Structure formats: structure tokens, C-alpha cells
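Swiss-Prot lists Pro2 with the feature active site, schiff-base intermediate with DNA. Swiss-Prot lists Glu3, Lys61, Arg355 with the feature active site, proton donor. Summarising the annotation, Swiss-Prot assigns region 'Disordered' to 121-150. According to Swiss-Prot, the compositional bias 'Polar residues' annotation covers 134-150. Feature annotation from Swiss-Prot assigns DNA binding site to His186, Arg205, Arg246. What Swiss-Prot records for 331-365 is zinc finger, and it gives sequence analysis as the kind of evidence.
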Amino acid sequence: MPELPEVETIACGLRPALSGRRIVGVTVHNPGTLEGPLCTPAAFTEAVQGQRIADVGRRGKLLLVAFASLPPVGHAGQPRPEGLSSSTVRDFLVTHGFHAAGCATSVHACAPLLADGQQTRGRLAGHGDGMDGTSRTGSTLPGTGGTENSDAVAVADDDTVLGLAFHLKMTGRLFIHPPATPAGIHTRVVFDLEGGTRLFFDDARKFGYVRCITRRSLALWPFWRDLGPEPLETEARGFAARLARRRGRIKALLLDQKVVAGVGNIYADESLFRAGIRPDTQAHTLTPERLFALHGHLQDVLRESIAECGSSIRDYRDAHGDAGAFQNSFRVYGRGGQPCRHCGTTLATAQVAGRTTVFCPQCQR
């Protein structure tokens, strides 16, 4: 399954091809790929066709396409121009909890976001816990169990279409194609853009989905609402506090999208190896110093993978069909039974949270 670096790479590849383009046609080849309130082909097409794309971003493992259907946030009373500036797009994405796709060297610079548009260091959108380990107070998104105010009620009644959310799951791919390219055998949805460019959502195993999101449906979507903080945007203290107060094996917690968003099997194994932590260690037994080290190594691994355009094991390709290269740098993932590249000990395998896990019994304690 594509993880944070792969989805970030795809978003960066799609951004120049999609931004500013209008969607002039939608063809749904597999209705089961549509999810959410607007999940019939007719409703989905009506909501999406004619929308202009403002930007492409990411939240956890979700790839997000934001539409230019709202006036610029923070510029009340001023109409949104057809030529979208980067500042208005950024405002739009920040307000609705999107993370704008950056480049390999700047992706981590995005600020932690709140869904109401406030930027609050150490907190995240729609989640009950702050990144700093403290509880959030005040208004939250409808349906989170928090305090409702007039803004929250307005969100609950607002069906303005915000954009598209893609979850690629195991075999989902998003490709840019030239005009008149025919749909393939695994193409599930086609988006035709002005100028003739075509965006294909391909998915061989049909586990992936695309969801047309409105302000209301976004606020009420449990998966979105419960996503944990972005690992590239947390500070070490908050990351450590978040893990230390939970009981469970450290790798299982890293894989839990409610705890940390975007981390999967590859980057959990690789970061735990670099931190010298066995993946089956109970998180609450780790010292703050070891959790701080894990935080740093996790960020390093994610950034290095983004710089290499992700990891291509079987199905992953970027928006132009190219493979990533970080798999060439794996120290443990997929190398069970082979010698550790650090000490030469045979790498062991185990099952953690239902996932095959590789670690070094000598280097990881």
C-alpha cells in the first residue's frame, strides 16, 4: 500500500498537470470505486463535472484534489479570481485540513492544521488530543463529540463541494494521460480535463476508492476526523507523549492511523531499525529519550524516501508511471533471513499487528 512518501510523490507529480484545470467530463467504469454520500455515478458526476482544480495535496495516505469552488479564505467579500494565486490556494487548503503537496525538500514545512482554519502549533484537525499530549478545548468539527458553535453548525449544513479524496489502498494508481488515451482494463474512473488531458484512477484489485467531499461530509467522515497527526509536522516531545501514554506494541501504534497518519509497514520497520527498537516492544516501556530518537529517525526515513520518489515494491508508480528508488536503501524491510547490513546478524521475521515484520535481534532491543 502506498504510504506517506508515495502519496506525497504522486501529489507532487499531479500538481502541475491538474492545478487550474477544469474537469469537463467524468466517466465511472466501476461504481464500486465511489464512496461517500455522492457515491452513485450520476451524483458523483454532477458534483465533479465543471469544477476547477485549485491544488493537489495529501493528508496521511489520502491524496486530495481541492476544487476552487469557494471564495478565498481570509479575504471576505473578495471574489476568487480565475487565476488562482498560491496564497489563496494555501488558505483554502489550510482551512479544510488539506496538506498542499510540496517538493522533496519542503514537504515537512507545512504547518499543523485545524479544520476551522486556525493554525495552532502542536495540534491537529478534528482530533481529540493535541500533538503536545494535552487535550484540545473549544470548538471541534461536528460529530467529534466536542463543543459545537455557530461555525460548526454552519459546516454541518454546508454541501459546498470541496474536492476529491483518493485512497489508493493496495493497487490504486493515478496517471496523467494525453488526449484520447483509451481506458485500460483496470481503469475505474476517468476525469477529462480542459485541453484534453485525462486523469485515470486505475485499481487492479478494486480496494481503492475516490470520495467527493463537501464541507458537511468531510466534517462527518470518521476516517478523516480520526486521523492522527502528520509525522513530519510533530515535535519530538509531542510524538513521545502521544506514544508513551498508550499500551501496545510500538510498531502496532506506528501503523495505527489514529495515532500517526501516513506510516505503514515499510517506514515503521525502517525507522524502528534505525532507532534500535524491537518492533514488539511495549510503547509505554520506552524512555522519552528512545521515543525522541524514534521520532527523528522516522522523519529522516520519510524525507529520504520522498527525495527518492518513494518505494516501488510491486505496484507503486508515480503519476507519470515511473518507479521510486528508496527500496534500494532498505535496511530491514523485505530482507528477512538476510544478514543485517550493520552487524551481520541474520534478520528475524515476526508478525506484529498482522503484518510481516523484519528486525535485527542484535541491533534492536
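Cβ coordinates are placed from backbone N, Cα and C, and glycine is handled just like the others.
Under DSSP, Arg355 (active site, proton donor) is assigned to a strand (E or B) in the three-state scheme. Confidence over the zinc finger (331-365), given as mean pLDDT on the 0 to 100 scale, stands at 97.
Of all the active-site residues in the record (Pro2, Glu3, Lys61, Arg355), the one with the smallest CA separation from Arg246 (DNA binding site) is Arg355. For Glu3 (active site, proton donor), the number of other Cβ atoms no farther than 10 Å from its own Cβ, over all displayed protein chains, is 22.
The closest partner of Arg205 (DNA binding site) among the active-site residues, by CA position, is Pro2; the full candidate set was Pro2, Glu3, Lys61, Arg355. Largest Cα-Cα distance over the residues recorded as binding DNA, namely His186, Arg205, Arg246, equals 41 Å. All protein chains included, Pro2 (active site, schiff-base intermediate with DNA) registers 30 other Cβ atoms within 10 Å of its own Cβ.
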